[in-house]
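Please read the structure below before turning to the comments.
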There are 4 protein chains.
Amino acid sequence: MPNSFGKMFTITTWGESHGAGVGVVVDGCPPLLPITAEEIQAELDRRRPGQSDIVTPRNEADAVEILSGVFEGKTTGTPIAMLVRNADQRPGAYDEMREKFRPSHADFTYQAKYGVRDHRGGGRSSARETIGRVAAGAIAKKLLATKGVEIRAFVTRVQDVAIPETVLSEMPFPSPGQIEASAVRCPHTATAEAMIERIKEVRAAGDSVGGVIRCRVRGIPAGLGEPVFDRLEADLAKAMLSLPASKGFEIGSGFAGTLLKGSEHNDAWISQDGKPRTATNRSGGVQGGISNGEEIFFNVAFKPTATIMLPQKTVDAHGAQTELTGRGRHDACVLPRAVPIVESMAALVLVDHWMRQNAQRGTF
Amino acid sequence: MPNSFGKMFTITTWGESHGAGVGVVVDGCPPLLPITAEEIQAELDRRRPGQSDIVTPRNEADAVEILSGVFEGKTTGTPIAMLVRNADQRPGAYDEMREKFRPSHADFTYQAKYGVRDHRGGGRSSARETIGRVAAGAIAKKLLATKGVEIRAFVTRVQDVAIPETVLSEMPFPSPGQIEASAVRCPHTATAEAMIERIKEVRAAGDSVGGVIRCRVRGIPAGLGEPVFDRLEADLAKAMLSLPASKGFEIGSGFAGTLLKGSEHNDAWISQDGKPRTATNRSGGVQGGISNGEEIFFNVAFKPTATIMLPQKTVDAHGAQTELTGRGRHDACVLPRAVPIVESMAALVLVDHWMRQNAQRGTF
Amino acid sequence: MPNSFGKMFTITTWGESHGAGVGVVVDGCPPLLPITAEEIQAELDRRRPGQSDIVTPRNEADAVEILSGVFEGKTTGTPIAMLVRNADQRPGAYDEMREKFRPSHADFTYQAKYGVRDHRGGGRSSARETIGRVAAGAIAKKLLATKGVEIRAFVTRVQDVAIPETVLSEMPFPSPGQIEASAVRCPHTATAEAMIERIKEVRAAGDSVGGVIRCRVRGIPAGLGEPVFDRLEADLAKAMLSLPASKGFEIGSGFAGTLLKGSEHNDAWISQDGKPRTATNRSGGVQGGISNGEEIFFNVAFKPTATIMLPQKTVDAHGAQTELTGRGRHDACVLPRAVPIVESMAALVLVDHWMRQNAQRGTF
Amino acid sequence: MPNSFGKMFTITTWGESHGAGVGVVVDGCPPLLPITAEEIQAELDRRRPGQSDIVTPRNEADAVEILSGVFEGKTTGTPIAMLVRNADQRPGAYDEMREKFRPSHADFTYQAKYGVRDHRGGGRSSARETIGRVAAGAIAKKLLATKGVEIRAFVTRVQDVAIPETVLSEMPFPSPGQIEASAVRCPHTATAEAMIERIKEVRAAGDSVGGVIRCRVRGIPAGLGEPVFDRLEADLAKAMLSLPASKGFEIGSGFAGTLLKGSEHNDAWISQDGKPRTATNRSGGVQGGISNGEEIFFNVAFKPTATIMLPQKTVDAHGAQTELTGRGRHDACVLPRAVPIVESMAALVLVDHWMRQNAQRGTF
């Protein structure tokens, strides 16, 4: 089931960029959670195109319809199907893509894998697929919120425009308002402004940029995650590397932590109100694959958007050398819209592991 | 099934550091592959303790017994169970761990998760669990070898001792001999020597170091991997973050690639012998989650070994503050022994996706 | 994923009887299969209400929309989402069910399981859920047809009105026309007429009846199915017992075969054109969980419809004794409409195992 | 994972009849369950050969070793690996089977599926595979016992020697002692004696017989099982049809219930101590796939043992017609030894669904 994610709280996404629509089925959701289409729409609005002047102007309301699984305002424990119709379709705009493989896109690989592809707007490889993730993630986030868990992702770097390391490492847990304050979803105002400027410059040049998103989670109790293969950090890594344009993941001290010695890196245990806490948090809230009750945090690297408005060398379906210039409406930087997607995927992983812990440590 | 990995070529590992033994069941292996215990043992010997003067002197032969699934020298398509008995047990050496949580280990989190733990040598959280992965990986690597696929992992950095970036980026595909030439499994001789020196220094000081392993794979045809959640890079990321002590993963251009613009980062398509090839390989051999036929390469970050021979602050099972000094026989740097484990996990992911591609594009 | 079925060709159904609609996502379908909404609709028409004068008069067109996964008339290998809107809703008709548990229905058990239920028309427990199975099954049947596989289910018994055993055991493989010739989907004309008469009598009395469906499959090559847990007959049994109102499953000689001795029961091997064939087929086409190339056949028992138009004793949500009389439009016998559902589930199991065999015996 | 069963409480069996041994890995077992090798051995002794004068005289102690997952007498939540070495091997006895396909065995189908097979004693298709199931089932049964659940299987019919229907339908829940009182595991003494006589007669004639096992379960609360595909009865059916020699499954009223009208078949609800109970139990304890708190009961049909000591027509590996006479030590009737296997599989299904219910209705 390559289009499903999660073992107990399982989502299955479907849909292409220029087909009838995109959607998701959420299977395994606990019953009796109050949820409305408006709450889900609010999260979708954070990822929708056209929301600000630094994202793609493709104008899609991305209005969600809940087709099943919610009755009289509450989940029933049965599958929750959600549908977003595609609206702003310009299929003619993609005729060139039928024959030419876009560089660093999935055109060639889909063709190689399936022997066929819906070339319009990238088809299934379009980032519109993430609509289903965000709709499902809205439910997962609400479930976690009922347990006191908060998840905040934000942009820490756009190309080389970054929140200063000292600021980042000392930053208090940001509020939703601080993140949403800027169109780029960076809670450090000065950096946010510089990021926006960079994105506008690059876009004006027909080019694109990438960067880094950090995600922080607090309120997760100790004991979630499985040792061995389904470690919490392993499932988070998979979740993040499953996102379009992501190229890297690191948790806690990550790559930088490899420069320290063990004596510098280890998180000493201290007793706080009779409970073990770590003096530092280079572990990033997980040890041996299992949450230790500290804040969970990780970084995700996103490459520059593959679609650029500059001519590029490529090959056509017949193997002949040719050239392609991006057209249409694209994000010069995907990170602002990727923030709610990262949060959604994190929420999905965490709910799933919470349910797995319930299973093994429940009434037995 | 938290102790299983893979959908079609599925492995299930079991065992604790100081129990009767450790092992693995491989389910789904194609029949008629010639395989011997000796071939599996050869891979286990690359990860076993005591193999050189820079790894733990715990003296375990780690001799493997094939219990099922191989008949007259060939796999039969039925489960292959393999067993390695634990030999060099010193349970008394771990009495202190029954009551004290080791910093940056999994002692506390296992206790929180399960309400019980086998404290001897870390129990299930011991790196001895990876014996099963390497035994299974030996079979996966042999399967891939029959298809012309080669997998080579090697150490590129120990703490700050690194293969120079220009050397690394231009390095030809290394041979097994080049990697095994040094005890640290770094194919760049000068760097290898410096790494070994660093490890010895640090170990003499009772401390530890981490670093980075790169894995390179060639011979994978275009079309392996699934779009959406089970992307090849997502499954590789999960595989790598499931390894003890790993804290980060990046594929292709990774974190560094986020500093480039799209025009600099995109891999132009060129026609080579009528076949599309990429002029550069910042994608790392995967696009949209699917292999594009180029070399696949990725990096894995390993933190410094948590066990150090220096006194550390910790908390005991009753919540009281105390101190702990590591004892016993440990690796001051896990990377040399992690090399075959990284290769094994990569092989498992690749075989699994190959079989999944068979399923969907087979005789139907 | 309780609402998913199949490992490689995976379907996920969703929807309630009186919600917005019902549907299915098919994940893993091989690409390049020509398929149209009309072909799927043709199968749905075989299970839809109102199709004849012996089934429920609920008037639903059950018109299917393909939302994704099909491009220019062919499957693309990506998820195929299908939607059927609910039309003929009379929610007011179900007010009594909010408070009273219908005998031998799922009202009480859903309430016990989830603490909540959509009571309208049975909600998720409605047989409308099977629309998704039939839509997915239409694709699976088409895939199998391309391989020369034919699947025919038909009604062999309604209450005690049965095709004579000697006729049944000698019956040639029936054509679709022979099965569709009668509204009851029994290819033996005299029996079909008696069945229809019985159903009309029972319905006139406000009562209901059950019976037995046989399914026959020819064209399956030897080698499909897995030993041990995922035996072909085990997966078929699960598929059939997952159908609403089914109470029993038997393959080959089934329960009656237990009256024979081994010497009477065993299927001798004979050589036919140099190929091993069985002289008899008490095995029902499977041996050790794996197809042997002979015809696969099995029976499924369906209980009488739980909804009857007679007063029944029951209990309300407050634990008080009360009475309930069925209302609304129901089938006095589910078997005629269950025929395409049985075929669909059989097709799903067979395609899945074919793909699994591809995986293990493919290009490796 | 064709050799795994269960979603949360997952078992993976491995091993061949004449390889090094057979075994099982149990993954997902809740921690802190007290369990000993002796308790597991007691269940294995109920299925082992040589236990009475009506079963195969193959003399195997089937001594189990727990290799992992149990520490200081309690489960730790990590995988429990168990091993039973094969002892009484007579490989030479099977030379004929290398070339000849035994009728109604899995020889031909394994060869067709894998292109190779371990022919000795049936290899993987041997009923020795069920040792792993019984070892795992012993743990599942103990878990259920801690919740007050009792599982009793027993033989109700051998060929046509059956417990009278009136006795069977009125029989109180049998005690273990009543079942174990006879070698045939039928709690009705007169019938048991006739069954034993029949088995001895048939065996003396070199022939074999089958029959029916009933399984009864009490103490399961309402709410276990999943609607749609993973219905409790669907998973039970799969479990039972996954057993060697089983050909049929029916729950509650089963095939006989199809002869009743709805008004006769429905289980009226009555209020007992303010709790809904059914006046009758034709549902067999499940409605809509979910337990309703009543006793769960089902029947399993087992065909006569395929191995008989009489000459049979068969075909050899080269397609030539030949003859084969069974040799070696076999059960003339598998049912007495199948009783603990049926109980084990039922226990595995029930524990799994209990854990799934925990997951969805746990602390969320």
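In case you wondered, yes, glycine gets a Cβ from its N, Cα and C as well.
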Recorded FMN site member, picked from B:R133, B:R277, B:R329, that accompanies B:R124, B:S125, B:S126, B:G288, B:K303, B:P304, B:T305, B:A306, B:T307 in TrEMBL:
B:R329
Please find, for B:R124, B:S125, B:S126, B:G288, B:K303, B:P304, B:T305, B:A306, B:T307, B:R329 as listed binding FMN, the greatest distance between any two Cα atoms, in Å.
44
Please report how many Å separate the Cα atom of B:R124 (FMN binding site) from that of B:R47 (NADP(+) binding site), as a whole number.
17
Pairwise Cα distance for B:R47 (NADP(+) binding site)/B:S126 (FMN binding site) [Å, integer]:
14
Using Cβ-Cβ distances, find the residues under 8 Å from B:K303 (FMN binding site) that belong to the same chain and are at least 6 apart in sequence, listing them in sequence order.
B:S104, B:G210, B:A245, B:S246, B:K247
List, in sequence order, the same-chain residues at least six positions removed whose CB sits under 8 Å from that of B:T307 (FMN binding site)?
B:R102, B:H105, B:S208, B:G326, B:G328, B:H330
Select the most exposed residue of B:R47, B:R124, where exposure means the fewest other Cβ atoms within 10 Å, treating these as the binding-site residues.
B:R47
Radius 10 Å, atoms counted are CB only; among the binding-site residues B:S126, B:T305, which position scores highest?
B:T305
For chain A, give the subset of the binding-site residues B:R124, B:S126, B:T305 whose C-beta is less than 8 angstroms from one of that chain's C-beta atoms, in sequence order, otherwise 'none'.
B:R124, B:T305
Sequence order please: the binding-site residues B:R47, B:R124, B:T307 that have their Cβ under 8 Å from a chain D Cβ, otherwise just none.
B:R124
For B:R124 (FMN binding site): DSSP state (helix, strand, coil):
helix
